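Chemist: For reference, the structure I am asking about is given below.
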Ligand SMILES: CC[C@H](O)CC(=O)C(=O)O
Ligand SMILES: [Mn+2]
């Protein structure tokens with residue numbers, strides 16, 4: 001019996017940019033890219049964490065221009081192809097044209113779960129440029145399944161060849177992933193992908209659920225380097241999926257080697273589930289808000305978790321990073337008022 005193939009797309013050099021405070025060096029990118037190429041990963045992503053054009057005060061300035069990083073990565077690859085992420089409103093069509101000149105062969109156009117319609121021209125441009133073109137529906141936990149299907153159909157109608165369910169907050173549980181992927185498999189003809197975050201320790205379980213429900217594209221990052229508690233860990237996923245009888249086409253020893261000998265050497269801290277990232281999964285907050293929230297909590301002398309719970313309650317979405325400081329200031333203000341009003345014993 002032939003094994004079913006699963007395409008593992010590695011996002012270390014893009015989602016990992018959040019954890020690296022967007023400070024990847026050319027050397028780090030070169031060595032990681034070489035390792036991914038040697039392991040025969042078909043596609044890996046290189047961009048600012050918030051996608052092309054993300055380098056800014058709002059999202060964090062890149063140490064090295066992403067186009068240079070894409071060029072470096074492409075220059076050392078014989079096998080692997082480079083993907084870029086593009087969030088319409090942050091990245092532009094010009095950014096995509098430049099990324100293609102630098103060596104990109106795939107674009108993933110990412111929108112909030114209810115906003116696929118803003119991606120039409122970027123998806124069309126991706127197809128015109130001959131790129132593998134993918135739609136990426138973020139914060140998938142925030143909409144009911146019917147809405148997800150409606151939005152995914154829009155992506156497909158614009159020309160997306162794959163549509164992703166993106167658990168940006170690491171908030172989905174396995175049965176919710178199964179339900180979402182199954183609905184998309186039933187209603188769409190294109191391929192379906194899944195991108196997970198490990199805030200509730202569900203990234204691998206969710207990945208398995210997604211593959212079993214029919215997803216054929218799955219994201220991961222080496223040593224889980226990514227926003228929040230990180231992503232599904234690529235090298236572990238290769239072992240798990242191969243053990244389950246799927247064909248990933250990736251060499252297990254080589255992918256373990258690049259994770260340990262390259263990525264683990266430059267990671268600023270282990271990708272663990274701490275109190276804050278756990279609360280992100282629990283309250284459904286965008287994983288990329290983590291480091292901004294830590295900074296705001298320090299500045300206002302308050303508990304990070306209080307900020308995250310409030311952001312979850314407000315249903316804050318990507319692009320609203322400025323809300324983090326507003327919420328922190330309000331909490332600090334309210335708690336100082338409470339303190340002055342408290343009876344002196
Ligand atoms: C800010 C873009 C975001 O990091 C994309 C992504 O990986 C996600 O939504 O999980
Ligand atoms: Mn992500």
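Cβ coordinates come from backbone N, Cα and C, glycine included.
Those TrEMBL annotations? Automatic predictions, nothing curated.
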Chemist: Starting from the substrate binding annotation in TrEMBL that includes 14, 15, 195, 286, which of 5, 168, 276 is the extra site residue?
Modeler: 168
Chemist: Please list the binding-site residues from 14, 168, 286 whose Cβ falls under 6 Å of any atom in ligand 1.
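Modeler: By the Cβ criterion, which requires under 6 Å to ligand 1, the hits are 168.
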Chemist: Does any of 14, 18, 286 have a Cβ within less than 6 Å of an atom of ligand 2? These are the recorded positions; tell me which, or none.
Modeler: none
Chemist: List, in sequence order, the residues of the same chain other than 14, 15, 168, 195, 286 whose Cβ lies within 8 Å of the centroid of the Cβ atoms of the recorded substrate site.
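Modeler: Filtered neighbour residues, in order: 11, 18, 49, 138, 166, 197, 226, 227, 231, 287, 288.
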